[in-house]
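Everything on this sheet refers to the single structure shown next.
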Amino acid sequence: MGNLYGLIGSPVEQSMSPDIHNDAFRALQLEHYYQAFHVLPTNLEEAVRALKLLNIKGFNVTIPHKLSIIPLLDELDESAQIAGAVNTVVHLNGRLIGYNTDGNGYVSSLKSIINKPLKDQKILIIGAGGAARGIYFTLTNQGSMHIDFCNRTVSKAEELIKECPFPNKSHAFGISQAEQQLADYDIIIQTTAVGMYPNRNEKPMSLRQAKRGAVVSDIIYNPIHTAFLEEAKELGLVVHNGVGMFVHQAALAFELWTNQVPSIERMSKIVINKLGGTTC
Ligand code: ATR
């Protein structure tokens, strides 16, 4: 008999995680099944106890539970300690162990399109929320020293830099200042919700001053082609969309649960088909 895996969050109806995990189980001839569960914040504690009791072998955690689940777990892996948030739980020998595959998933995805060592690149992160934090700490942990921030609220980016446990030479700027000095950066990473469905026409900044050949990455995957990436494409810059982060974080969770490596290509195709697009 196969195992049951799942996702808890609110909402979860639109999630593509069941599609990609169930397809990977089938492709690898595993009899497991992945189910999304809608869990309201007030029911989180009870839901986690129920998942444990029913012997669910692992689950993903999404908005709004990535932080509030921490005290309900038995152990935190280093990835979750660094990120300060959990997106994957492994149920092993009666213990729930929290991991975070978002940061490593994002960095693996970025590396798959860049043929130079990431740590030599000058990087600008737009935004200073939870997603930016996970990516920043993962990159600095892997030796990237030259990462700057810009954010609508500069003080939040300054706090993130202060909290970073790894060596760095980071600075924080406002959006318009960063826009003026964009030519300094090899990679620009957009982590805010600006441009996300349904606000498809919004952009966090203009890319006019960006360096030739720069990589522009947007972690949003719905729409696949944000207005920001459309501008990058028109300017002839290298474009990296959010599908990569989504499928790489899923693939890392899948590996933690099954010790098997799923096909990133199959996972990406499912997501792109479902979003009705092609990659740019
Ligand atoms: P997440 O966990 O997805 O990163 P978050 O922690 O709420 O979400 O962080 C959201 C980020 O998007 C922040 O950097 C936020 O800027 P502020 O720190 O100034 O709030 C940024 N953001 C959200 N809406 C924005 C908007 N309309 N314009 C500019 N930045 C925005």
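Cβ atoms are placed via backbone N, Cα and C, with glycine included.
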Given TrEMBL lists Ser15, Met16, Ser17, Thr62, Asn87, Asp102, Tyr221 for shikimate, the same-site residue among Gln190, Gln249, Gln260: Gln249
Distance-selected recorded positions near ligand 1 (C-beta under 6 Å), from Lys66, Asn87, Gly130: Gly130
Densest Cβ neighbourhood among Met16, Ala128 (binding-site residues), 10 Å radius: Ala128
Packing count at Asp102 (shikimate binding site) (other Cβ atoms within 10 Å of its Cβ): 29
Proximal residue to Asp102 (shikimate binding site) among binding-site residues Gly130, Asn151, Thr153 (C-alpha distance): Gly130
Ser15, Met16, Ser17, Thr153, Ser155, Tyr221 screened against Lys66 (active site, proton acceptor), Cα within 10 Å - retained binding-site residues: none
Most crowded position, judged by CB atoms within 10 A, among Ser15, Asn87, Thr153, Gln249 as binding-site residues: Asn87
